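TrEMBL annotations:
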REGION    1-41  region 'Disordered'
COMPBIAS  14-38  compositional bias 'Acidic residues'
DOMAIN    69-133  domain 'P-type ATPase N-terminal'
TRANSMEM  311-335  transmembrane segment
TRANSMEM  355-380  transmembrane segment
BINDING   Asp426, Lys427, Thr428, Glu517, Phe558, Lys581, Arg614, Thr694, Gly695, Asp696, Arg766, Lys772, Asn795, Asp796  ATP binding site
ACT_SITE  Asp426  active site, 4-aspartylphosphate intermediate
BINDING   Asp426, Thr428, Asp792, Asp796  Mg(2+) binding site
DOMAIN    818-1072  domain 'P-type ATPase C-terminal'
TRANSMEM  849-870  transmembrane segment
TRANSMEM  882-902  transmembrane segment
TRANSMEM  932-956  transmembrane segment
TRANSMEM  968-987  transmembrane segment
TRANSMEM  999-1025  transmembrane segment
TRANSMEM  1045-1070  transmembrane segment
REGION    1115-1142  region 'Disordered'
Amino acid sequence: MSRRRADSHGSLGPDDEVVPYSDDETDDELEPSIDEQPEGLPSVSQLSDLNWQVKANDRSFCKQPQFQKKFFLCFKRCKYAGNAIRTYKYNVITFLPLNLYEQFKRAANLYFLALLILQIIPEITTLPWYTTLVPLVLVLGITAIKDLVDDLVSVTCLFQECRWMQIQVGDVVRLKKNDFIPADILLLSSSNPNSLCYVETAELDGETNLKFKMGLKVTHERLQEESQLQSFDGNHCEEPNNRLDKFTGNMLWGRERFPLDLDNMLLRGCKVRNTDECHGLVIYAGSDTKIMRNGGKTRFKRTKIDYLMNYMVYTIFVLLILVCAGLAIGHTYWYQDVGSRAWYLYDGLNQTASYRGFLSFWGYIIVLNTMVPISLYVSVEVIRLGQSKFINWDLQMYYSEKDTPAKARTTTLNEQLGQIEYIFSDKTGTLTQNIMAFKKCSIAGRVYEIPYIYIDFSSNIFAEKKFQFYDHHLISCIQSKKDKDVLEFFKLLSLCHTVMVEQREDDLVYQAASPDEGALVTAARNFGFVFLSRTQDTITISEMGTETTYEMLALLDFNSDRKRMSIILRFPDGKIRLYCKGADTVIYERLSPNSKYKDVTQEALDVFANETLRTLCLCYKDISRADFDAWSRKYKEASIAMRNREEALDEVYEQIEKDLLLIGATAIEDKLQDGVPETIAKLAKADIKIWVLTGDKKETAENIGFSCQLLTDDMQIYYGEDVKRNEPLGKPKKIKERFFPEGGKNSYSVDFVDMACECGAVICCRVTPKQKANVVNLVKKYKKAITLSIGDGANDVNMIKTADIGVGISGQEGMQAVMSSDYAFAQFRYLQRLLLVHGRWSYIRMCKFLRYFFYKNFSFTLVHFWYSFFSGYSSQVAYEDWFITLYNVCYSSLPVLLVGLLDQDVNDKLSLMFPKLYLPGQQGTLFNYKNFFISLFHGIFTSLIIFFIPYGAFLQTMGQDGEAPSDYQSFAVVTASSLIITVNLQISLDTSYWTFVNCFAVLGSMAIYFGIMFDIHSAGIHVIFPSAFKFTGVASNALRQPYLWLTIILTVGISLLPVICIQFLCKTIWPSVGDEVRQRSTLARKKPTFQRGARSRRSAYAFSHSRGYADLISTGRSIRQKPRARRDAPESIKEAPQAENI
């Protein structure tokens, strides 16, 4: 009989904690098809919607004209992809043009390319072309190398591609043990009994536990030999899509039709395990495979600072244009009044004043181009990369039990970690350990488990050593075999599941899709009902030592909508029985009116939920042969439907899953992870609101909230059913509020967000994975808040992708959440260090870097602006050309980069001790338009000082040698030297955490400046390149004048003095939270040397057994030298405080 088997990616449980992974696309992307008739061969019209047709052993079939599709204009190609794929972006030919195209999408790079073109025009250029070319080439080169390295990491092994690339759709392939599956393949047969095939899906979904696939019974029986495989032909199925949890198709063989689903498919990227050999038909190849379809459409996340930084660059563009326009107008009027009348300025060009002003505008665009920081983006990427490495290297976020370090899977979101306002957390596996233990059960109205004496299971050869239970009455009921309900209870647990079993030496190893299911089967095993093996149609168990095989007639799958699973079995005596287990909400709706124990079991469920235990209800139903035959025909019709197959099956399932008889309920414990309450409390003090989104019952969710200190006794509770819509939540004094919105409602709205955000804590229970993502999206949309989602399972993937930052925990549910996340680690408690330490440091460093970067560029560039008033607005530069070229590259880049990488206002311990330090990041106070304009005005002030003090010093000045040093070149050297010393000392004032590297960078940058300047001003290099190096001997001539050194010192002092005064006043009169914490920690380290008023400990005098120093004292020999002045006692000598009770 054809039947539907368990989804190998699914699991059982009372909630949505394990849900098959799928990408953002849903069933809407699947090709529609029509329901098929169960009898006879379908007509062509019936199969017209089944566009993906595959014919085995016939490659020419896929090349027919009807399978061609347009890809460019009128050109066509086969819609069936080949199996050769490339995971790299570039090759030898496309790397340069494609990478340059991507880089010039950035406005700053495109702007500097336009400047370079302008500098080639002789009538406009005021600077040599290399002043722009050198920085631009460095920026483009560094970025290109980074992109190339990232691309090389993603290249697929060529050896595998060469072996796989010849495979085409329709080929029948043979795979052996430990082979990777090269395409999406329909399993036909295998060397295992009943064509079972075990696969490892770690490369696909991150899960290491083995899944099983099964070939159809008909292919298992008729396709074992090569000659039989050669005679096999085709099938019809859905178009390629990215749904990893779903496959719909029909196999047409002869005049019969057989339904296909995901259980029959071996997906590309998986690995064959525990199967010597298997055969399959290639259905999808290359880019059509599901793993490749899931490779794209990744959401690109950008930080709030990124958006703000772009707006500030646009603001600088506007300021630049306004300044250049003003200077161009000034040049127009100056030329009319002065320039046209000065005979020595005549250049032989008969150009009007307006035209000269127009040329001057473009000249100043070139001169003042450094207002737009060309190296800003590269510097930001370098800092982010370094911050990501620090997260990876943090040993305090390393989980030694599983050898799992923290991992920053992205390098673009680090500073956003310091601005989180809302955290959305899963419960199971995130706050809890997701290691399930069978603790209690209710059977026929009686609750078992009284914790007083541990039960010895050593008499059961199949029992696990780690299993613990404390109720002797239960084990005596099983051994006596008198209580039929107890026996039926554990028989159900041993039969109704999708667990696979392996025999390893003398032990049975269970492979369960979820920890819940594994715990239940293990409990049945320890109580004497041992699951031994399964085939396509049978399940074998040991019942108190007696081995029994049951025929499996149908397996009704679990999914997030059904919240239950059922199995229909034929007993050895011919009786047909349905076993079902699932969430109480769905089971109680389907119970027979004559079912017993409903009320008492409900009371037990409430008690279990209050103890934060996870619950399942168990029930059964006997089915007559006639009823089953009638239902089986409907089931077969639904199982081969090509359109809405799952809906049709669910409808058929509903017809059989009714009038059930309740047996009892199970209770499984899932303990909290270490450090969860402390972490939540600390994050709450940082004003981060934490929402827990779970599929558990309301009572379970509420009790977990109290146990992890998300909820406290001083909070006033609001339940979703008690809060009227649009009713504002009152705020009693000193009482925080919480609100529990019930799952299953689609009315999430602005009102819900407004009410929930007023609460101190929010727990959403009975929510599906899609609803989790909706809640996150609503807060992002209506509160404009920065959000973080954290989870460990496949059901958290959408929530993780929706939030601004996604964090994955590598727990018991595989690695799907980790693979979709931005940051990953092993324990929830590491979240406080990620946010309060690394996140806060990253935000402060980036803000300080950006403020200083804009300041140093304004200070450097605006000197040209002041110089224009004395040069007829003629687009002349105030510095030497090579100084302009190397300023941002060599002279001022390293100190600020190190501040962006290493700076700390307080250390990590104080950051965790004082969570309020996190508040500036949430408020965005360290980098905003106010800080930007402060940096602008600071740069204007510095440029004024740097220009006008040397200008005044050079007026009517006589040098030591009697010659006047007031030439333009000497002036350029003095202003440049003053600028370099000023900006490097300024970053020194802004540095909070000094290391040897910082000190070396500041002093080294100034040393590099003077070293390069003396080299390029030397006569030797002028002889080699006379047109490029024109300041011959200027540095040595100017800097030997003490008067000019005094000018430099005066300029630097006046530039920095206001900054020093303002910083002093801010730290003493208006200290920040960080300043107060630093001051408090400094005072705590300074302990007094002597404490007045402290009691002394009185003790007996200890006499020595040797001769003392009485003779020296009495003779005065010890005091003959002149006594020295007494110094203060060293700090190490102090009197210890005396205990008050002694």
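For all residues, glycine too, the Cβ spot is worked out from N, Cα and C.
Those TrEMBL annotations? Automatic predictions, nothing curated.
From a predicted model like this one, the values you see are computed outputs, not experimental measurements.
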Given the cut-off of 8 Å on Cβ pairs that are 6 or more apart in sequence, determine whether the transmembrane segment (968-987) and the transmembrane segment (311-335) share at least 3 such pairs.
no
So what pLDDT does the domain 'P-type ATPase C-terminal' (818-1072) average out to?
89
What is the interatomic distance between the Cα atoms of Asp426 (ATP binding site) and Asp792 (Mg(2+) binding site), given in whole Å?
8
Taking the residues Asp426, Lys427, Thr428, Glu517, Phe558, Lys581, Arg614, Thr694, Gly695, Asp696, Arg766, Lys772, Asn795, Asp796 listed for ATP, what is the greatest CA to CA distance in Å, to the nearest whole number?
25
Between the C-alpha atoms of Phe558 (ATP binding site) and Asp792 (Mg(2+) binding site), the distance in angstrom, to the nearest integer, is 20
CA pair Asp792 (Mg(2+) binding site) / Thr428 (ATP binding site), Å rounded to integer, equals 8
Greatest C-beta neighbour count within 10 angstroms, which of the binding-site residues Arg614, Arg766:
Arg614
Roughly how many Å lie between the Cα atoms of Arg766 (ATP binding site) and Asp796 (Mg(2+) binding site), rounded to a whole value?
14
Cα distance, Asp796 (Mg(2+) binding site) to Gly695 (ATP binding site), nearest Å?
11
Determine, to the nearest whole angstrom, how far the Cα atom of Thr428 (ATP binding site) is from the Cα atom of Asp796 (Mg(2+) binding site).
11
Sort out the sequence-distant neighbours of Asp796 (Mg(2+) binding site) for me: same chain, 6+ apart, CB within less than 8 Å of its CB, listed by position.
Asp426, Thr430, Pro769, Lys772, Ser789, Ile790, Gly808, Ala817
